[in-house]
Amino acid sequence: MTPLVGVDEAGKGPVVGSMFVAAVRAPTEALPDGIDDSKRLTDDRREALADRLRDADRIDVAVVECQPADIDDANMNDLTVAAHAAALDGVAASGETVLCDAGDVDAGRFADRVAAAATLDVSVAAEHGADGSDDLVGAASIIAKSARERHVEQLSEQYGAVGSGYPSDPTTKAFLREAFEQEGGFPPCVRTSWSTCERIRAEAEQTDLDGF
């Protein structure tokens, strides 16, 4: 059965900032041309499509934000399932079919867990790479990525250059080291349970020991 709702996340891996899960409900003919996995789109194209998706009368959009404190306090797999369920609950109707981009190595298990966590009686399927193969999931990936990028821009305005937020980003690592050196800890926008933060703490402790 053709899905009526697509769900995807953005920002699962970064050490800085929130994760966002978006759900999009629409008849496929209502979706604008050019929908694709958000990672394949230029920033300008992604934002133009996100604006059209948010503004269209026949398209319903829901976004769930998982803040760093929530991520630090929870199991990431459990939180991802709960956020997908909350997002689809925001737009779906009972009896409808939902397709998620699988957030687990076992796509079937992920679908079953999301269905169990949802308050609505919906049929949930999950596929790896669905953001590139299904237009509704692609639309959800665009909305989620747009929300994440706007969030990172706001963090940069508040804290200065934070980079992309990913652990491999030199700007992000420099931001984390400087914040820890100056404050003795990390600001609320940081996922302090990430191994990147643990390494920075360990480096600082070793530096202190070397000073004796």
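Note that Cβ sites are derived from N, Cα and C of the backbone, with glycine treated the same way.
Per Swiss-Prot, the feature domain 'RNase H type-2' maps to 2-206. What Swiss-Prot lists as divalent metal cation binding site is Asp8, Glu9, Asp101.
Other residues of the same chain near the divalent metal cation site, with their Cβ within 8 Å of the Cβ centroid of Asp8, Glu9, Asp101, are Val7, Ala10, Val21, Ala22, His84, Cys100, Gly103, Ala130, Asp131, Val137, Ala140, Ser141, Ala144. Listed binding-site residues: Asp8, Glu9. The one with the lowest count of other Cβ atoms within 10 Å of its Cβ is Glu9. Within 10 Å of the C-beta atom of Asp101 (divalent metal cation binding site) sit 26 other C-beta atoms, taking all shown protein chains into account. Summarised as a single figure, the pLDDT of the domain 'RNase H type-2' (2-206) averages 96.
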